[in-house]
């Protein structure tokens, strides 16, 4: 990797925050599976979680190849993600899917911002990273749509729940980019 040709602070921030986000997503799905894994929606959650595991694996590889340190907040995201996943799953399938919609909508928006940033700098220079982020964004949008198809909008206090989760996502993104 020719580090002198890339904007290292931007790439570090992108990989660090994406790693934290995918780590958190894994913990959310772990929490959902702990509560709903043996129900009819278990296989749906498992499918999304399997994709998130692949995202995390790839980001672990990118952290090594780009020499990026993880956020020091991983222990906090470990607990927070699991509690968010399990807590919304305790509301039932609709609650878990409302969480999925809220998180995936936030993350796909975040990924789009990263894509714009890298495209404005030099798409050829960041070709590999752009391919990864676009693939992940598309799969997050798929999860968003799965959540809607599984009655997320019928969850108790859906708009309040969604807004609260999205505020949390924005805070997590802000902190994980920097710490």
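Placement of Cβ uses the backbone N, Cα and C atoms for every residue, glycine included.
These come from TrEMBL:
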type    : residues          : note
BINDING : 22, 52, 55, 140   : Fe cation 1 binding site
BINDING : 52, 104, 140, 143 : Fe cation 2 binding site
Query: Of the binding-site residues listed here (22, 52, 55), which is spatially closest to residue 143 (Fe cation 2 binding site) when Cα positions are compared?
result: 52
- line: Same-chain neighbours of the Fe cation 2 site, Cβ within 8 Å of the mean position of the Cβ atoms of 52, 104, 140, 143 and not counting those residues, run in sequence order as 25, 48, 51, 100, 103, 107, 108, 139, 141, 142, 144
- prompt: Between residue 52 (Fe cation 1 binding site) and residue 104 (Fe cation 2 binding site), what C-alpha distance do you get in Å?
  reply: 11
Statement: With neighbours defined as other CB atoms within 10 A, the best-packed of the binding-site residues 22, 52, 104, 140 is 140
Of 22, 55, 140, i.e. the binding-site residues, those within 10 Å of residue 104 (Fe cation 2 binding site) when Cα atoms are compared: 140
- line: Other C-beta atoms within 10 angstroms of the C-beta of residue 143 (Fe cation 2 binding site) total 26
Field: Shell list (Fe cation 1; ref centroid = CB of 22, 52, 55, 140; cutoff 8 A)
entry: 21, 25, 26, 51, 54, 56, 107, 136, 139
Set of same-chain residues at least 6 away whose C-beta sits under 8 angstroms from residue 55 (Fe cation 1 binding site): 22, 25, 136, 139
